[in-house]
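Presented below is the structure to which this report refers.
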Amino acid sequence: MDANMNEDNQDTNTSRMMKFDPAVLVVSHIRTITRNGVEIKTVQASVGKKNQYYTKDISYTNEKMIGNGSFGVVYQATLLEENEVVAIKRVLQDRRFKNRELSIMVSLDHCNIVKLKYFFYTHKNQQKEDIYLNLVLEFIPDTVSKVARYYMRQGTKIPMNMIKLYMYQLFRALAYIHSLGICHRDIKPQNLLVNPMNGVLKLCDFGSAKHLVRGEMNVSYICSRYYRAPELIFGATDYTTKIDIWSAGCVFAELLLGYPIFSGESGVDQLVEIIKILGTPSKDQIRRMNRNYTEFKFPKITPNPWDRVFGARTPPEVIDLISKLLDYTPFLRLDPLKCCTHRFFDELRIPNYRLPQDREPPPLFNFTEQELKIAPELNSILIPQHLHSQFSEYIIDNTNNRDLIDSTTNDPTPSTSSSAVATVGCGSEAVSNASQSSELKASTSSVGSSNGGTGGGVVGNVPQQSHMAASPSSSVSSNPRFSLSSPKQQQQTSSEASLKTALNDPNESTVSSSTNNVQSVSGDNNAGKLTDISNDPVTTTTAATATAPAATVKIEQ
């Protein structure tokens, strides 16, 4: 039966409960009337969660375009019944596939994730050739990107207490979606909506998001370039949700610095920018990012200490947290809920904590049962002491056990390399029992700290002290934190040039938002193709994956 004919026979004054299947395209007809000179549109929309949804007529007015891109168009409108301003995201729907963004959005319910209120399908024009999916979302006026630009125009940076507020809420959102097996895959300031009046942050744009399944391949050609984890640049297809943690670390660093910490002009150049700060990754670190690259030889570049990147006055808890986010080894990056319990956020847990101008902070500890079951051993720290009585049934008798936070995450893939990476505690000096390799014996400096020079790590057998004493690596960019002033730095510039020459730069174009994504029933279907994205139904991000011609890269299908 024709979908529109079926729709016309429905009682538009009632709601119907139906089995939910985002793949079923029931196209709605928008009815437009003009009342007192105001155009009002009415459409039958769907609302619901998981396996059931309701159809309901909604009317909206004051529609105006507020954004557009390769993904589609975003409009602002006002729902008449609720008298609520909303955002309507309109994207082209491929009839052949389910829309992954919709499938994920209907399953989410969290205070730090933008809420999907309704969705409906429409035709673009009378020819009815193209079908568009319309997502009706709650409207949040600003983004972290806009807030950062505002402070930049004022010649200053975002206050530290606001950075704490934003990052805490981001980690809380990530903890929630990661507990569901969902990886966002496009964390960046533009996708973090904020209400400047109350400080609420909400994660948005799940166009690149995906349920990650162990053993199932995923595209590495994902995530906006400045925030792309190194394993993605190395072409890994078996990555985990820890790519979101790397991206969050990049956002954190950008808020601290006032500009992106890794601003590569291409996929390969992005790797170079990372190496200029973290140093050359060790063989073990490369293996853990993508085992197919372990035989590739990278020029040796010494790491740049974090206190030089962010300044000597940067609080130690900031350095400690950033070093546990921007780590080459994916499994060593902190889980998002552990991030929430980090000392950096302790100020938020103070009783009667207030924002500047004596403003009340947004709800930060309204945890759901699902959140408190993610890592019960952390609840005694996650929940402020003065609120323990309200959550007593979820608190284990290990109050303020910081060792749980500082301990190393279990390695999902035990190392077979002779130069293992070890992390012991927070700010402590790590010791490796592995035998000294000939390559490291020949080296006079650290060749790639996984922890960025804050202590607590070993690269091969080189202690972190050598990282702390290292000179900052030079840069060919205009970034103000780098300068050429010594023969050692000039030597590193030569190494950097060698690195760029060694890698095959595919001359990628500027990154754009990837939100118009569809899902094949079988999942990502271009796994194993590191550079060819012509058949990629998952992303429209215009960023390339680094390829190394000297390495034999073979991905098992």
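Cβ coordinates come from backbone N, Cα and C, glycine included.
So that you can see what the record holds, here are the features copied from TrEMBL:
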type: DOMAIN; residues: 60-345; note: domain 'Protein kinase'
type: BINDING; residues: Lys89; note: ATP binding site
type: COMPBIAS; residues: 432-442; note: compositional bias 'Polar residues'
type: REGION; residues: 432-557; note: region 'Disordered'
type: COMPBIAS; residues: 450-459; note: compositional bias 'Gly residues'
type: COMPBIAS; residues: 471-487; note: compositional bias 'Low complexity'
type: COMPBIAS; residues: 488-498; note: compositional bias 'Polar residues'
type: COMPBIAS; residues: 509-522; note: compositional bias 'Low complexity'
type: COMPBIAS; residues: 539-557; note: compositional bias 'Low complexity'
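According to DSSP, Lys89 (ATP binding site) sits within a strand segment. Residue density at the residue listed as 'ATP binding site': 24 other Cβ atoms are found within 10 A of its Cβ, drawing on all protein chains shown.
Taken together, the residues of the domain 'Protein kinase' (60-345) have an average pLDDT of 93.
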